[in-house]
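According to TrEMBL, the features are:
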type	residues	note
ACT_SITE	104	active site
BINDING	10, 103	Mg(2+) binding site
DOMAIN	6-185	domain 'UmuC'
SITE	15	site 'Substrate discrimination'
Ligand SMILES: [Mg+2]
């Protein structure tokens, strides 16, 4: 291979695999990690997947599909430990390890050839060490850029290795269904199907103008580039975000506040700060906690847990207002309010099915645009209309 040699390594059913190494008796059974009652499935064994259980599916649905599946409560600390140990192994072969999430990394193997031998052997050896030293199965792909490497590791799953040399890229990609393409979620797949495009090859051969009409100029062009196996992205040596316990913001009023309208407005401001911090850390969270401190310094907190994790201002704001309303405070003198989001997860573990191309995700894009403007011009550059009123 000439040019870049990029590997993508992804642990198979990561949370479940960590659980199975301490409960080997569950090996081969349908097992999933997730909340037992109101939660969602976070990770499912391949036997559970064969019964229709998927990540992000409500646990109730999983139980209905497969009543004999074994549900395990998540143990995030154990997973973070396992993840660190795996990254320590990856670090032994190259300086350029880009953590995409706790269980997934890109590695630049371009320069390891002279020192360590053929990249495919380096990668096979890494997988053997991760299994031998950590008891964790993984899959890996090798290609001339990050996109092809990621697609290869996906197709290699579970417990496989797929090498795609540069001259084989289109032979590999084009027969695959469009909905298997990285970044293509349900909505984009639907639009592509409506355009009569079934395979990545169909997509690669479509006139850019057609796609730009359906997805906008930037996304349309990106779809064609990726479908042709072209990806100019350079890896960055970085860790996956450490799992913080919670992210939030609080504010003390200059004078004690009676008026619920002012509290609502402050909650919007705090929700904006909190969601911007979540997105910067690439985290999403499920538990939203409202805290209030009163003029007499007494305080209280109320929490609720969402069915799906979020990093969106409006969702966080709406829930915080709901918690506040439920308290039925009439004339309480509020001194301080705070919002925290807990139950944090890496955003990329949630958005594996995320749709990067669909314009319907306008709200998320708008939110990202506000984040960018705030970074460039300071936190008050762009605000939602209800915050720009005087009060
Ligand atoms: Mg994985």
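Placed from the backbone N, Cα and C atoms, the Cβ positions cover glycine too.
No curator has checked TrEMBL annotations; they are predicted automatically.
Given the structure is predicted, the values throughout are model-derived calculations rather than measurements.
Feature annotations (TrEMBL) mapped to structure.
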residue	record	DSSP class
10	Mg(2+) binding site	strand
15	site 'Substrate discrimination'	helix
103	Mg(2+) binding site	coil
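Distance from the CA of residue 10 (Mg(2+) binding site) to the CA of residue 104 (active site) is 4 Å. Note on the domain 'UmuC' (6-185): mean pLDDT across this stretch is 92. Selection of the recorded positions 10, 15, 103 by a Cβ distance under 6 Å from ligand 1 yields, in sequence order, 10, 103. Within 10 Å of the C-beta atom of residue 10 (Mg(2+) binding site) sit 21 other C-beta atoms, taking all shown protein chains into account. Counting other C-beta atoms within 10 Å of each candidate's C-beta, the recorded positions 103, 104 are led by 103. Sequence-distant neighbours of residue 15 (site 'Substrate discrimination') (same chain, 6+ apart, CB under 8 A from its CB) are 33, 42, 43, 74, 79.
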